[in-house]
Amino acid sequence: MINNHPCTLQSECVSLYNCIDGICTHKNFFPPTFSESIGMLSIAIFTGFASLAGIGGGGVVVSLMTMFFNYSQKEALLGVFLPIFGAALGNFLNLAQQLDPQTKTPVVKMRSAIVACPAMIIGSMVGLILNKILPAFFLISILQYFLFLSCQKFYKTALKEWNNENQRKLNQNSVEIPILNKLSEEKQLPLQNTSLKENLDLIVAICVIVITVLLGFFLRGSANFQSIIGISYCGFFYWMITFGLVVILYYYFDYIFDRFQKEELKPLKKECLRDSFKAGIFNGFGLGGGMILIPMYLGMGFTTIQSTGTSSFNVLLSSFQVAAQVIILGYMGTLQAFSLFTMTVIGCYFSSSFIFNNLKKRDRLSLIMWGLVGFVIFAMVNLAIQFLQKWSHNGYQIFELFAFQSIC
């Protein structure tokens, strides 16, 4: 809304922005101001909670980016994927070898997470395009709506888990353990003790998906990144490659689902495709897909912590390709992107490890969800305030709220 607009004097730019080559441009993160330092610490702590809960936490991170880094909602919604990706990676490094305290099975069910990835990536591509072209008012309205829905779901889940924990403390010897061996990867062994062939299957599947997506982006190029084969940005062949990438990813989903899932789960194929695609669209809006994926995994028989842990791995893979698009398309500078990514990887790894180990020891993992309820309420209030403040900068011009942006 107000950032990256033309300028002739420094006074025409808001705080933390400099007038460079006639455009208000955000300052580099280093050296950080006091506000940016507090913002980095806040994002690291919150993403530790959010990634443990299996969500990207985009709504709250957007709020923190607008508050401490003075980004507009539009800029924050595009740049939020860098800290989401960094947090997901830091959290995965922490959870990859953890076991569920109730079932003693792995927290992260990687095979089920990989099955959902191709459809999520397709949805993320669509969501990122909509994020770019939709008016600011539409984006903030969508964000507030889904934050409200998320808050309701977090509250119900937190209350249910809190009651279960209280019951376990009263009668620890009569806890019923659900039977979760519905999926082909359900084993009592962590990842490092599985067979070499199973590990190779996982590695190959991930690498094929990532290489395909990156190759497609490099072939088609962008406004700020020239195609390696000379294709014009937004031209006919640009969109043909985009469509071809969607077709290939759909084929990957079809093959991976049949390859990794048991016969009794084949009827869930359409539901998995639909929910994964929908989760990808929300991810493209910077909301993260956890609010869709977690109920899907719960329906497959996972415990709450397994559902959130598996969803966090989906967030890692999907946010990677969206973050790559943000950098390739020039929505955020390379130095700023690297700074956001690095500080969230380090911060989230230590914060999520500390939080998870202490709460597991005390059997109070529900506190993760209670913390998210508070953060989401804070984000909803702060986003509304920040939105009005940014809008007031240009004299409350109505056309800015409903102005569509060019996709190219």
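Heads up, residue numbers simply count up from 1 along the chain you see.
Every residue gets a Cβ built from N, Cα and C, even glycine.
Here is what TrEMBL says about this protein:
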type	residues	note
TRANSMEM	38-64	transmembrane segment
TRANSMEM	76-93	transmembrane segment
TRANSMEM	113-130	transmembrane segment
TRANSMEM	137-155	transmembrane segment
TRANSMEM	202-219	transmembrane segment
TRANSMEM	231-253	transmembrane segment
TRANSMEM	281-300	transmembrane segment
TRANSMEM	338-356	transmembrane segment
TRANSMEM	368-388	transmembrane segment
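A Cβ distance under 8 Å defines the sequence-distant neighbours of the transmembrane segment (202-219), meaning residues of its chain 6+ beyond its ends; these are 110-111, 114, 117-118, 121, 227-229, 231, 241-242, 244-245, 248-249, 252, 256, 317, 320-321, 324-325, 328.
Residues 202, 205-206, 209, 213, 242, 245-246, 249-250, 252-253, 256-257, 260-261, 272-273, 275-285, 289, 293, 296, 310-311, 313-314, 317-318, 321-322, 325-326, 407 of the same chain lie 6 or more positions beyond the ends of the transmembrane segment (113-130) yet place their CB under 8 Å from a CB of it. Proximity of the transmembrane segment (338-356) to the transmembrane segment (76-93) is established through 3 or more Cβ-Cβ distances under 8 Å for residue pairs spaced 6 or more apart.
In terms of C-beta pairs under 8 Å, the stretch of 76-93, 281-300, 368-388 lying closest in packing to the transmembrane segment (137-155) is 368-388. Using the rule of three or more Cβ pairs under 8 Å, pairs at least 6 apart in sequence, the transmembrane segment (281-300) is not in contact with the transmembrane segment (368-388). Long-range neighbours of the transmembrane segment (368-388) within the same chain, counting only residues 6 or more positions beyond its ends whose Cβ lies under 8 Å from a Cβ of the stretch, are 46, 49-50, 52-53, 55, 57, 59-60, 62-63, 66-67, 73, 136, 140, 143-144, 147-148, 150-151, 154-155, 157-158, 161-162, 355, 359.
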